[in-house]
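One structure is given here, and the rest of the page talks about it.
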Ligand SMILES: [Ca+2]
Ligand SMILES: [Ca+2]
Ligand SMILES: [Mg+2]
Ligand SMILES: [Mg+2]
Ligand code: NI
């Protein structure tokens, strides 16, 4: 496959990728749906009429929307056909857009001249806790080696409902929060700026397919048709606030201060060549959590920290999505087992993705092991947690002989706390 | 105040109430906004042009919407003016609607001929845990009398983010969920129908005012302008599923199986005559949680259980919203303290509202004290938890010399579990 759009071999967005996003530009203040190719965005609002396949020809209007919910709300065969149409239209041999100068000029926007937006109206956002190395690390730190994994962890994908309003697009600054913490066990709590500000390296899946009804389950076996694609996600976490507030109902204000996602949704079809073995599961899961296909992906993940004053990026973590113990199909099955209804555009966070080695842990809490092993940055500074002015950048990509499928970046800068008036 | 609309002295909806809701009817399949008066609904879509006050005359379009989000997104002075306009238009002395036969016939719909809907697009739903008697009861049952209240409980309103997709309107049946439970401590978990299905008697507040920005706080002192009104809420809870899944991230599938709300939003202005002392708080809360006005309300609450076969309603609980330790202003301040942004239409659940006496507890867990003190129903049956076919009905009202402000009912029937295919 070769496109008439030229791009370098290093691009995250070759014709084999074609991730979906929502953008505005100086020329176009209304949100349009686009796909990334090389350094360009192909504006689907402008070329909606070219989706002439048997399924999409009556659904072209979904590309006139300001978000991806309507397209996500169609079915997997629609998504596959749309992808085939896009690959055909962008192919070197196809004249439709290539040779129509007027259309071509209207249909392509430089990514550098576009502003990206949260690509869907996220009705509900769920965050899981499905990396075994992460759960084990946290367990060892807080309960010791012998009780590291809690009793339920290997029986079900533990998760909780998060705050959808606070999901923001890459590039949005995050403010260090104020909140209650308990600096001295047994003493009175303290109110002030969070002192243990952390990132969490996660990926998140957008749910697709028509809405389900309350009371309806989606088993793991059925869940494949309902995963539209993935983005990178940084679940910013105020560790000291979380520790004081989370008993017994879970994380609340420690996580609703902002969750950053990358703008381009990489589809399952684009990821399919990078499918890999599921993590071995013992004990065997209950039937509703079982699926017989591979649904794990070899996605390399990295986290950089770039301080404000000497802006040199240090890669502090190299992990991989394949370390997930529970698949996203199992996560969706768990979420719906009691009858929770789904809407297209729902978001499922993977949970912090940590590998086995100490340089592959997906949070500062683990990387600096509760502050006991500070991370040295390339500019000579040390970090136990995130400092004011630090930019945290997540990157992800799949790679095999010659093809790279990238996620772009998921970035945010931490601004200093704003005192209470 | 006396309306030209006639109603009995027992009605929940006199001219002093005027709660907002969203309805459809045989005549009108599109969702319209209405207010309840006596046995009628006044259709605000039809009379939007009559809102001619200085603030609302340019905002009449909010009553042409299919939900209340746009109206909620205005400001408290708008809400107050709209209420004054409605009371004026409905007054016995006012001819505008009363004497216009055509308008009158189009503008009034019988409640018995209408179908009610969830009145807002609920962007995010939060549930709290703010009744001291409830938290103490649960604590005694699971941790003993000496450690009943957890350390953080009196320092902050404990809460968690819930599932907005699964919020349904009164009358919607709820299906007994399947899920994992741990019948024998230390043994393997079991998968099957929930055996400890419960209700939670709650009230829920709709958030109003323009959206806030991520990073912005709303202190308790500022929160008054952001509470639009209240509904009744039944937070259906699968106790055995909750117990197994909730460590360490809180309730998840035990609560996302359905949450029922009553259809009529009773505004803060209607509740104002029933304001009562805030619950005494010791220790003194942090400044962001303090407000100097009374924002607690004397709202009588009742729960009935009606079995399917011998359908006699038994009132199993008589409680009161006034038992809340934390006010809704404090709940909102807590939710936003780290910078969580708000959108009009957000919903805040109070948490289960239990009084001091054993007949005022707001859940079966407490009423039957973990199954040790079964409740006797009027038809001779006993209940430890909710059984298949039971209808659970919540009611709420305020009353003083001659005026009753009611909430209508919040009702749902529990259907039997649907086995896994
Ligand atoms: Ca997380
Ligand atoms: Ca509750
Ligand atoms: Mg977050
Ligand atoms: Mg619920
Ligand atoms: Ni929404």
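Any Cβ shown, glycine's included, is placed from N, Cα and C.
Together with A:255, A:259, the Mg(2+) site in TrEMBL holds one more listed residue from A:225, A:235, A:277, which is A:235. Among A:127, A:293, A:298, A:304, the residue that TrEMBL places alongside A:200, A:202, A:235 at the Ca(2+) binding site is A:127. Per TrEMBL, the candidate among A:125, A:129 that belongs to the substrate site alongside A:143, A:242, A:246, A:352 is A:129. Proximity of residue A:202 (Ca(2+) binding site) to non-local residues of its own chain (separation of 6 or more, Cβ distance below 8 Å) is seen for A:127, A:232, A:233, A:234, A:235, A:349, A:350, A:351, A:352, A:353, A:362, given in sequence order. Other residues of the chain with a Cβ within 8 Å of the Cβ centroid of A:127, A:200, A:202, A:235, the Ca(2+) site, are A:201, A:204, A:233, A:234, A:237, A:255, A:259, A:349, A:350, A:351, A:352. Shown in sequence order, A:125, A:162, A:163, A:166, A:167, A:168, A:233, A:234, A:235, A:236, A:349 are the residues of the chain, 6+ apart in sequence, with a C-beta less than 8 angstroms from the C-beta of residue A:259 (Mg(2+) binding site). For residue A:143 (substrate binding site), the nearest of the recorded positions A:134, A:200, A:255 in terms of C-alpha separation is A:134. Filtering the binding-site residues A:129, A:143, A:200, A:202 for a Cβ under 8 angstroms from any Cβ of chain B leaves A:129, in order along the sequence. Rounded to a whole value, the Cα-Cα separation of residue A:134 (active site, proton acceptor) and residue A:200 (Ca(2+) binding site) is 10 Å.
Largest CA to CA distance in the substrate binding set (A:129, A:143, A:242, A:246, A:352): 19 Å, whole number.
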